[in-house]
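A.B. asks: What follows is a single structure, and I will ask about it in a moment.
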Amino acid sequence: MKMLNPIPERYKKIWDDWNIRGVMLFSLFLQIVLILFAPLRKGTSNKLIIMLIWSVYLLADWAANFAVGLISDSQGDATTPEESSTYLLSFWPPFLLLHLGGPDTITAFALEDNELWLRHALSLVFQVLAAVYVFLQALPRTKLAIPTLLVFVAGIIKYLERTRALYLASLDRFRDSMLKDPDPGPNYAKLMDDISSKVEAKLPTAVIMIEEQSGKKSNTRRSLIGERDRSGFGDLQIVHYAYHFFDIFKGLIVDLIFSFQERNESRDFFINLTPEDALRIIEVELNFIYDALYSKVQVVHSRFGYSTRFVSFASVVAALSIFHFKVNKSGFDKFDVGITYTLFLGAIALDIIAFFMLVFSDWTFAALSDSENGFKFKIKSGIAATIGWFLILKKPKWYKCQQEKHNCVVLATPFLFRRWSGHISGHNLIRYCLKGRPTHFHQVKSCVIEKFIAGIIGGRDIQFGRVGQFLSFIYGKVIHLLGFIIQSVIDFLGLTDFVDEIRYLSHEPLTKLLWEFIFEELKKKSGSADKPENVKKIHSARGDWILENEYKDYRQKLLRYVTGVTFDESLLLWHIATELLYQTEEEATHEAGKDNYNDHRQFSKILSDYMLYLLVGQTTMISAVAGIGKIRFRDTCAEAKRLFRSKNLGANEEKEGCEEILGVNTYAEPVKVKGDRSKSVLFDASMLAQVLESLEKGQKVDKWKLMSRIWMELLSYAACNCIARTHAQQVSKGGELITFVWLLMAHFGLGEQFQINKGQGRAKLIIGK
């Protein structure tokens, strides 16, 4: 019995005719998408955009590999002169090597990709062998031997660039590249022999220790600081200092330690900065980290890299010239010739785009900011003056945002020029339990447009009759049923957390006041970090430092909610307490008017939501201190939902929900009534909120200032205890505020990676007369 072919012959013929050509063009298209859009991922935390770039990244390698296989399989079919046009296909595999080399803007999507550099090296060998096989099959009849070899050279160079970039960014190699020469210390054996001989000769001897001297500061650095004092930092100076500190502190990623000279230099420098300049330097510094770990920048930005890039580009141009002027194309299919020209022009266009990206990169400006004197300095200054305007576009833009309650300034850098997302994500337990959609404190331009559209749609006053009311009822039931079905499918596929992150997370732009608050709090602590024991206390503080140093009279009432519980429990307690007080005080804030708006209240709310987002949505970042945070969060949500259901509360009723929680009598501690099987902290947080409220009413304590400073310590504690490589991972996903705090703390000397005591010194033998 003859088997029925499920694919009609007509479609098989179309596939056979167009598969190679279509995949070649598709591969080129993917390379264009990657070089243009891959850098945008560091400027957004949007999951859909990041997933799109990830998909293109994976498809790019697949398409090139698949095309090589198709071309290899097709060779040998053209055995007659009439079919000689198919031999043009043997000219295309070298272009696929160019594609496999990838664009300069992305070599790795994640840090783990860098560890696979050896696999890429082996893949290079096999891909070259496959391309050579295709070329040799067509060699007896091909007219394209020289152009093929030239494109081969360019393709191999590009692939080697990518493999070397992956190798240099692998964490082991990254660490090894920063290790200094081994230091055996003073020659102890020789010194002891000298002392023994002098003692035997009855000569008075003494050994003194000479302290290690701090390194001298360069004249360049002093002169630039002087310019800042008079006129503020210029864009080129920001890049200069960012690269300087990146070169020192990139070792943080691989847990290296630093000398006291490096600590003192960084600390003294950042203490004298304005908060805005500190933010600018840190965001450029993180951009250098991104480029070093996820792009070809370390390979290309060198004399050898410039040379190989020139050879690669020249080879493609030479191959195009030979193909256009010397090769007789009469025997080739015209459409295939057009595709070949497209591949040539695409390769040249990709190199030109890469060249301009190279010229306008922060690495180029860092090289130009070298302030040496002489003829070279004049040339660099001229180049910097010519292209320096581009840095203005990438400079952080602050947008004055007018709200109903207050005016504030928020970070709103245009998307195409961002070095990081500039947003603070947030997750709110009460809103999540009520299935409410996130609200925005600050409306930047995009949010204003969305609000305007929503106002037009929602503002239509349509009068329904009985038929309309019936249709509205049916519509509501259908929507409810569809929602139930969709949610069931999401739960079945295990995508609940992913969907919740899109549906319930809020995204607030960083406000200038909040950054200034963070900067000043860490700066103040840096002033106390003069001794190792103080640094250790600050490093390990999660609310207790503030209570013991500035709220001594009230610390006993609050320490049980700080050090008396684990970090994850403390975080949930303070988050719920913050929300309870924030929601129930909202009307009083309206009555107080704009002038009396409490900034610390807003700081507390934003940091509270952000820390819960880290605990629930970025568990890997704070896994070292998260404990059973997710279990505790789920148990607390279950208890809150049960209470809200009993009170018939729904979405957008957060205020009523908070009032219901505070209305529950907490005379007896929850653990004594419920036991410790459930890890819910809902009513423990209610007790904390009541304590804070009583401190403000009875002791005249500004509860919001206290809470904002507690939240700052919780954030600092999480930043210090976060695994360093997770900070490096986040710079490729829009960046996180906690990473900025982590790096700022390192610059202020508030970390355990410094040898804070004076250097080990050098022993010197003194001989008396």
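In case you wondered, yes, glycine gets a Cβ from its N, Cα and C as well.
Straight from TrEMBL, here's the annotation block:
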DOMAIN    54-432  domain 'DUF4220'
TRANSMEM  20-40  transmembrane segment
TRANSMEM  52-71  transmembrane segment
TRANSMEM  91-111  transmembrane segment
TRANSMEM  118-138  transmembrane segment
TRANSMEM  310-327  transmembrane segment
TRANSMEM  339-360  transmembrane segment
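Mind mapping these onto the model and telling me what they sit next to?
C.D. replies: Counting only same-chain residues 6+ beyond the ends of the transmembrane segment (20-40), those with a CB under 8 A from a CB of the stretch are 49, 53, 56-57, 59-60, 63-64, 66-67, 70-71, 74, 89, 92, 95-96, 99, 102-106, 335-336, 339, 342-343, 346, 349-350, 353-354, 357, 415-416.
For the transmembrane segment (91-111), the list of distant contacts is 20, 24, 27-28, 30-31, 34-35, 38-39, 53-54, 57, 60-61, 63-65, 67-68, 71-72, 123-124, 127-128, 130-131, 134-135, 142, 144, 147-148, 151-152, 154-162, 165-166, 169, 171, 293-297, 300, 316, 340, 343, 347, 350, 354, 357-358, 725, 728-729, 732: same-chain residues at least six beyond its ends, Cβ to Cβ under 8 Å.
Below 8 angstroms of C-beta separation, residues 98, 143-144, 146-148, 150-151, 153-154, 157-158, 340, 344-345, 347-348, 351, 355 of the same chain, each at least six residues beyond the ends of the transmembrane segment (310-327), sit close to that stretch.
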A.B. asks: May I ask for the residues of the chain that lie six or more residues beyond the transmembrane segment (339-360) and have a Cβ under 8 Å from a Cβ within it?
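C.D. replies: Distal contacts: 21, 24-25, 28, 31-32, 35-36, 39, 88, 91-92, 95, 98, 103-105, 151, 154, 300-301, 309, 312-313, 316-317, 319-320, 323, 387, 390.
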